[in-house]
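Asker: Could you have a look at this structure, given as structure tokens, before my questions?
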């Protein structure tokens, strides 16, 4: 029975500052570093040993992966970085303080942008320096693939091909796969795995730095899921 471990990155500096982060590449806070290490300790104590790991191309997820694998003494396992596991892109809200954004646009509008399934925030202009087409880590991609904003629905549409083409095949070859990624890319995956309705996924929160384990059947259907640190 293969296991899939979903690990949201530890608290980032912009999580701490209550800012919309999205694809902006901020690092972990001191608390986030501790959370990542504690996640690795929890997995080790639970006897869970990933054989291959996936992460995004953003340092808060990559560093979370490294720190947790160090505690597991498994930094040697294969590690695949895939941009499709990036956080949801918050468009023109990127970098803004969430409370100040609510004051500017109103609580209801910001709530819709953050919590509706298919309503994205205002998009970044393609010439905006925050747009991913100006970031060298995406230079090999078709610019049309790079979002200027995303809803959770659009996030799922890019995560799903990564799941089907990369992660699901890995689960058929290995007993345990670890994904260190982001709140919304992991929520998109949870929606798919658990078959949740659009409104149901909006109530799901994934905490930072707490490993969520899925035990899967041979056909990768979910048998049960649980947080290791519960």
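Cβ coordinates come from backbone N, Cα and C, glycine included.
Note that the structure is a prediction, hence the values are computed from the model and not measured.
From Swiss-Prot, here are the annotated features:
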ACT_SITE  87  active site, proton donor/acceptor
BINDING   8-15, 21-22, 60, 87-90, 98, 114-115, 183-184  substrate binding site
COMPBIAS  128-137  compositional bias 'Basic and acidic residues'
REGION    117-143  region 'Disordered'
SITE      182  site 'Transition state stabilizer'
Asker: Long-range same-chain neighbours of residue 183 (substrate binding site), Cβ under 8 Å, sequence gap at least 6?
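Answerer: Within the chain, residue 183 (substrate binding site) has Cβ neighbours under 8 Å at 8, 87, 205, 206, 208.
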Asker: In the structure shown, which of the binding-site residues 8, 98 has the fewest other Cβ atoms within 10 Å?
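Answerer: Sparsest of the binding-site residues 8, 98 by Cβ contacts within 10 Å: 98.
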Asker: Among all protein chains shown, how many Cβ atoms are found within 10 Å of the Cβ of residue 11 (substrate binding site), not counting that one?
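Answerer: For residue 11 (substrate binding site), the count of other Cβ atoms within 10 Å is 22.
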Asker: Run through the Cβ atoms and count how many others sit within 10 Å of the one on residue 22 (substrate binding site).
Answerer: 25
Asker: Residues with Cβ closer than 8 Å to the Cβ of residue 182 (site 'Transition state stabilizer'), same chain and 6+ apart in sequence?
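Answerer: Listed in sequence order: 8, 9, 56, 58, 60, 61, 85, 86, 87, 88.
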Asker: What count of other C-beta atoms do you get within 10 angstroms of the C-beta of residue 88 (substrate binding site), across all chains shown?
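Answerer: There are 29 such Cβ atoms around residue 88 (substrate binding site).
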Asker: Three-state secondary structure of residue 88 (substrate binding site) from DSSP?
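Answerer: DSSP assigns residue 88 (substrate binding site) to coil.
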Asker: What's the number of neighbouring CB atoms sitting within 10 A of the CB on residue 14 (substrate binding site)?
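Answerer: Step by step: centre on the Cβ of residue 14 (substrate binding site), count other Cβ atoms within 10 Å, giving 19.
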Asker: What kind of secondary structure is residue 182 (site 'Transition state stabilizer') part of, going by DSSP in three states?
Answerer: coil
